[in-house]
Amino acid sequence: MAQFCILGVLLILSGTHCSWGFHEETHYPCAFIDTANITGSYGLDGPFVHNWTVIPRHFVAVYDFVIENGIRIPASRHLRACVCKTKPCVRICCLRGEIYDLEKRQCLVPVAGVSSLPSHSHMEVELGNGSLRLVKLQPRFSIHVETPCEHMKAVTKGSEYVHWTLHENGTISHRGHIFSKHYCFTPLLHGNSTWEWQPLACAPEKLYFVLGVREWTYAICLLIAILSMFIVLMVYLMCSEMRNSFYGVAIKAYAICMILGYALLAYLTLHNPANLSNAACRILPSLALMNLVLSFYILSFIAFKLYLSFYGVVFTKLMFWLIFTPIVLVAVGWSFFVGFSYYGSRLIFGGDTCWFDPRNWSVMIYFYAPVFVACAISGFFYVLSQIYIRDQPDIETEKSFESIEKNRFKSFWKYFGYTAVVWVVCICSFAFNYYWENRSHLNYAVSFCMAFHGFAALYALIGKNQQIQNFLRRIDNGEDTCENSVPLSSFG
C-alpha cells in the first residue's frame, strides 16, 4: 500500500502553479482586441499593407496565442498588427442583412414584416467639432465584422436602450461613460418600429457556485460511500487469507482509489472555486480524475486475473507490479494531460468550476470515455470467462475452478454490475441536465447512486465473499486468525 501513497505524493509534487488568467504582456505593441491577423499580407521593405491600410512595422508583432471569450489560449505563431492604432476601428457583429439575436445568441436574418435594416456602410458619428453627422464608415474606420465573444448582451438603463455615441476616434460613450473595446454593433428594434445601432458588450456565461440542498445531499452520499469503502479496506487488511493474495491486494488498491476520489469530489462540491488558488483548482480535480479512472482499470485488472484463474495461472509479486505499475502510470499521465489541456477555448479544469465544465461535453471525452474503455475491457474478459464455463462439463469445471475462486468470481462481477449501473445513471443524468440546460453534473439520482455504490461494495465484496464471511465468523467466535497468514511470495 505504500507504493500507492508514494504515487499520490509524486503527482502532488509534480503539479505546478500555473496562473491561466489572461493579462496583456508589456512587450506587445497594443491590446489584443486592437489587432488583426495579417499573416499573408503584403510586406514592403518597411511597413505592411493590410486591407489597403499601411501599417508601420513597430505595430506588428509575432503572437503565439489568441484570445477567445476573454481567455488566452495557445495558437500557432502568426503575425498580428495594431490596425486600430493606424485607423480607428468599428466592430459590427454580423454580415449585411443580419442582426444579432440576443435570445438565440447568434446572427440571424430578421423576420419578415419589419422595416428594412439600416445600412452597414453609414453610421451617425460625432466629429471632432462636436457635430453629429451620418458618415460613410469605410474611409474613416477599419471595419471588423465579428463578435468578440461567444455571448453578447445589450447595455440598458432599466428596460430602455442607452443612446450611445460613436466618436470620430472610434470610442463609444454616453454622458461621459466610455464603452468597452470588447463590443460589436448590431441593429436592434426601437419601439417595435425602427432600427437603431446598438453596441453589444461581451457577456461571458458565468457558472455561479451554488451550495444548496442538492450539493449537501451529494456530499453526504459521497461520505456514505467513503465510509463503506473504508470498511471494505479495513476488512480486507485484517483478513489474513486476503491480505497477501492478488485479489485482496487489488481490492485494497481499488478501495483506496475510491476513498480518495470520492473525498476529493466531496471537497470540490462544497468549496467555492473562487476561494481556491489556480494551482489547487487544477491539481485537486486532476487527482480526483486519476483515482476514479485508476479504480476502473484496477477492476479490469481483476477481471483479467479472474479469467486466468481458469487456467491455474498464479501471479508472482514481480508479475503483479510489472502489470499494475504501467496501469498506474497511464492513469497519472492521463490526469496530468487533462489538467493542462483545453476544451475549445477554456482550460478543462479551472475558472468557474474546479471540475469538468457542465456547459460542454468535456466530461464525456476525458472522464467517461476512458471509463467506458475500462468497462469494455472488463466485459471482454467476463464474456471469455462465461464461454469457458459454458464449454466445460460441470464436474470438470468444479475440478479446474476451485470453489474459492468461483466465489470471488461471482461476488466480483455482482459488484461490477452494480458499479456499472451507478455510472450509467451518472452519464444519463449529465446528458439530461445538459439537454434541459441545467448546468450541473448533479441531481438527486446521482446523489443516491453514490450512496448505493457504497452499500453495493459492502454487500458484494464482503457479504457475498465466502472467505471474508468465514473470517468474520472466526472474529465473532473469538478465534485467532493470524495462524492462516500467507507469505507475500505469489498472488493467487
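Glycine residues also receive a Cβ, built from the backbone N, Cα and C atoms like all the rest.
Features of the protein shown, as given by Swiss-Prot:
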type     : residues     : note
SIGNAL   : 1-21         : signal peptide
DISULFID : Cys30-Cys82  : disulfide bond
CARBOHYD : Asn37        : N-linked glycosylation site
CARBOHYD : Asn51        : N-linked glycosylation site
DISULFID : Cys84-Cys89  : disulfide bond
DISULFID : Cys93-Cys184 : disulfide bond
DISULFID : Cys94-Cys107 : disulfide bond
CARBOHYD : Asn129       : N-linked glycosylation site
CARBOHYD : Asn169       : N-linked glycosylation site
CARBOHYD : Asn192       : N-linked glycosylation site
TRANSMEM : 219-239      : transmembrane segment
TRANSMEM : 246-266      : transmembrane segment
CARBOHYD : Asn275       : N-linked glycosylation site
TRANSMEM : 283-303      : transmembrane segment
TRANSMEM : 318-338      : transmembrane segment
CARBOHYD : Asn360       : N-linked glycosylation site
TRANSMEM : 363-383      : transmembrane segment
TRANSMEM : 412-432      : transmembrane segment
CARBOHYD : Asn438       : N-linked glycosylation site
TRANSMEM : 442-462      : transmembrane segment
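Taking pairs at least six residues apart, the transmembrane segment (219-239) and the transmembrane segment (318-338) share fewer than three Cβ pairs below 8 Å and do not count as touching. Rounded to a whole number, the C-alpha distance linking Cys107 (disulfide bond) with Cys84 (disulfide bond) is 24 angstrom. Using a 10 Å Cα-Cα cut-off around Cys84 (disulfide bond), the recorded positions Cys30, Cys184, Asn275 reduce to Cys30. Fewest Cβ neighbours within 10 Å among the disulfide-bonded residues Cys30, Cys82, Cys89, Cys93, Cys184: that distinction goes to Cys30. Between the transmembrane segment (363-383) and the stretches 283-303, 318-338, 442-462, it is 283-303 that has the most C-beta pairs under 8 angstroms. Below 8 A, the CB atoms of the transmembrane segment (283-303) and the transmembrane segment (412-432) form 3+ pairs separated by six or more positions in the chain. Ranking 246-266, 412-432, 442-462 by CB pairs under 8 A with the transmembrane segment (318-338) puts 246-266 at the top. Residue pair Cys184 (disulfide bond) / Cys94 (disulfide bond) shows a Cα separation of 9 Å.
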